[in-house]
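Taking it in order: structure first as structure tokens, then the write-up.
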2 protein chains.
Amino acid sequence: MKFTKMHGLGNDYIYVDAISQKIENPNEISKFVSDRHFGIGSDGLVLILPSDVADFKMRMFNSDGSEAEMCGNAIRCVGKFVYDKKMTDKSTITIETLAGIKVLEMTIENGKVVLVKVDMGEPILKAEEIPVLSEKHPVIDEEITAKDYCYNFTCVSMGNPHAITYIENVDEFPLEKIGPLFEIHEKFPRKTNVEFVELIDKNTVKMRVWERGAGETLACGTGACAVLTASVLKGYVGRKATVKLLGGDLTIEWNEFDKHIYMTGPATTVFEGEIDI
Amino acid sequence: MKFTKMHGLGNDYIYVDAISQKIENPNEISKFVSDRHFGIGSDGLVLILPSDVADFKMRMFNSDGSEAEMCGNAIRCVGKFVYDKKMTDKSTITIETLAGIKVLEMTIENGKVVLVKVDMGEPILKAEEIPVLSEKHPVIDEEITAKDYCYNFTCVSMGNPHAITYIENVDEFPLEKIGPLFEIHEKFPRKTNVEFVELIDKNTVKMRVWERGAGETLACGTGACAVLTASVLKGYVGRKATVKLLGGDLTIEWNEFDKHIYMTGPATTVFEGEIDI
């Protein structure tokens with residue numbers, strides 16, 4: 001099986017052209033290739049497939065073999081994969097995912113993709129759709145207490161729930177200790193991703209994310225989108241800002257006209273490989 | 001740079017033919033390729049080089065870029081690398097390392113190496129050479145207390161210090177909590193690797209290892225050799241036994257005639273790759 005290891009801000013997957021290669025039981029393959037010591041080592045597996053409704057179809061599998069809907073970091077790499085490997089010559093393409101069809105606009109330099117802009121759709125602000133137990137609409141500064149920690153959370157969904165709060169000095173924050181307390185708080189019927197954010201200036205915020213079921217990760221695309229949305233609702237930043245994550249920076253825009261969130265960020269090819277499956 | 005990812009019981013490195021490829025600043029390359037998210041992902045980098053005094057020379061670098069002397073798991077993979085890639089047709093070869101010249105005997109099946117036997121030399125039993133502060137010779141059941149934990153340690157060096165103690169139910173043992181206490185105990189002037197061992201039967205022991213400067217690892221070749229030595233000194237096993245580690249099994253023999261320790265174990269090729277450096 002030929003593959004390419006790529007990452008989006010350190011969120012790394014194994015990408016496989018499943019158009020020219022027949023891939024059976026991707027769940028098992030994902031478990032094997034993801035193993036950091038016995039396999040290739042990655043956060044999971046991404047298959048690029050033909051599509052009847054878009055330019056390509058993307059299926060992605062976590063390191064435990066379960067299938068995932070979509071991931072902002074991964075879909076940018078899919079765009080770079082198909083363009084750099086000349087599977088398309090269009091710089092704007094559509095990708096079919098379990099979270100619907102996504103539109104990608106790619107910035108090309110010297111024939112290679114350097115940045116990818118992804119339409120992440122409208123943020124969901126209704127409490128019952130996020131979901132979070134709150135009377136507010138939108139859910140701004142909902143006070144939530146867990147053990148002896150109390151924070152005001154602004155809650156947003158990008159197809160998955162996010163709870164965002166603002167603190168000083170995010171680098172020093174004890175995320176491993178506090179993140180899990182709010183991840184599973186009863187206010188969140190389907191648990192939640194938890195983002196702790198430090199305001200840098202009117203155009204820049206810095207975040208760390210405790211991901212639902214994964215703990216701290218280097219980068220979470222939907223988390224960055226949710227953080228921008230919350231920061232606009234709070235009046236902290238303009239509609240377009242840089243979100244700084246452990247793995248690097250994303251530019252997020254909440255478009256005033258179509259109300260969609262646009263995420264722009266890098267996609268990096270690390271190496272090409274071949275493995276016996 | 002063409003490379004091969006291989007592992008010995010889950011101790012995985014990036015192996016590079018540095019005879020046909022010119023590799024400059026391996027320290028920096030090791031840091032980059034070892035990164036689990038932004039690089040290939042490994043415990044470090046191993047270069048295979050020409051030698052004036054042996055069949056081949058091996059240099060190995062940790063994930064922090066520092067150069068390491070030798071590693072039992074890695075040297076088995078070096079043997080498989082040079083044989084499977086037809087850089088030699090001999091099944092017994094010598095490898096020059098910073099820990100001296102090592103002799104490898106390889107078991108071949110269908111033209112590929114499946115097992116490698118490595119002469120690891122004589123175990124060092126003198127307290128001042130291990131080093132450990134003890135009046136005993138050999139150092140058997142040296143009682144050492146750290147905080148409120150007290151164990152009898154048998155101490156051996158295989159070129160690096162090991163402190164071995166015997167417990168029940170090694171799987172449930174809180175290694176992360178107790179290992180570090182003895183790793184840096186003042187009894188060990190150069191700190192030590194710490195092995196906790198459960199006796200299975202006269203031919204089998206099961207171990208977990210807290211490695212000096214690395215914490216728990218899946219497998220430590222010198223640790224397995226030290227554990228066999230200590231277990232023979234304690235009269236627990238015969239001179240040849242299976243040592244079960246998290247990453248798999250090794251067969252270790254303390255040869256009665258030449259007093260050398262022989263370690264036999266697998267070496268696994270995971271995949272071939274190419275990366276821009």
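Cβ coordinates come from backbone N, Cα and C, glycine included.
So that you can see what the record holds, here are the features copied from Swiss-Prot:
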| type | residues | note |
| --- | --- | --- |
| BINDING | B:N11, B:N62, B:G72, B:N73, B:N160, B:N193, B:E211, B:R212, B:G221, B:T222 | substrate binding site |
| ACT_SITE | B:C71 | active site, proton donor |
| ACT_SITE | B:C220 | active site, proton acceptor |
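Feature map: Swiss-Prot annotations on the structure.
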residue: B:N11; record: substrate binding site; DSSP class: strand
residue: B:C71; record: active site, proton donor; DSSP class: coil
residue: B:N160; record: substrate binding site; DSSP class: coil
residue: B:E211; record: substrate binding site; DSSP class: strand
residue: B:C220; record: active site, proton acceptor; DSSP class: coil
Span of B:N11, B:N62, B:G72, B:N73, B:N160, B:N193, B:E211, B:R212, B:G221, B:T222 around substrate - largest C-alpha separation, Å: 18
Excluding B:N11, B:N62, B:G72, B:N73, B:N160, B:N193, B:E211, B:R212, B:G221, B:T222 themselves, which residues in that chain have a Cβ inside 8 Å of the centre of the Cβ atoms defining the substrate site? B:C71, B:V209, B:A214, B:T217, B:C220, B:G223
Between B:N11, B:N160, which of the binding-site residues has the fewest other CB atoms within 10 angstroms in the structure shown? B:N160
To the nearest whole angstrom, what is the C-alpha distance linking B:E211 (substrate binding site) and B:C220 (active site, proton acceptor)? 8
May I ask which residues of the same chain, at least 6 positions away in sequence, place their Cβ under 8 angstroms from the Cβ of B:C71 (active site, proton donor)? B:G8, B:N11, B:M60, B:G221, B:T222
Is it possible to get the count of other C-beta atoms within 10 angstroms of the C-beta of B:C220 (active site, proton acceptor)? 32
How many Å separate the Cα atoms of B:N160 (substrate binding site) and B:C220 (active site, proton acceptor)? 11
Alpha-carbon distance [B:G72 (substrate binding site); the residue listed as 'active site, proton acceptor'] in Å: 7
Restricting to the same chain and to sequence separations of six or more, state which residues have a Cβ under 8 Å from that of B:G72 (substrate binding site). B:G8, B:V118, B:M120, B:C220, B:G221, B:T222, B:A224, B:C225, B:M263, B:G265
Count the Cβ atoms, other than its own, that fall within 10 Å of the Cβ of B:G221 (substrate binding site), considering every protein chain shown. 26
Among all protein chains shown, how many Cβ atoms are found within 10 Å of the Cβ of B:E211 (substrate binding site), not counting that one? 20
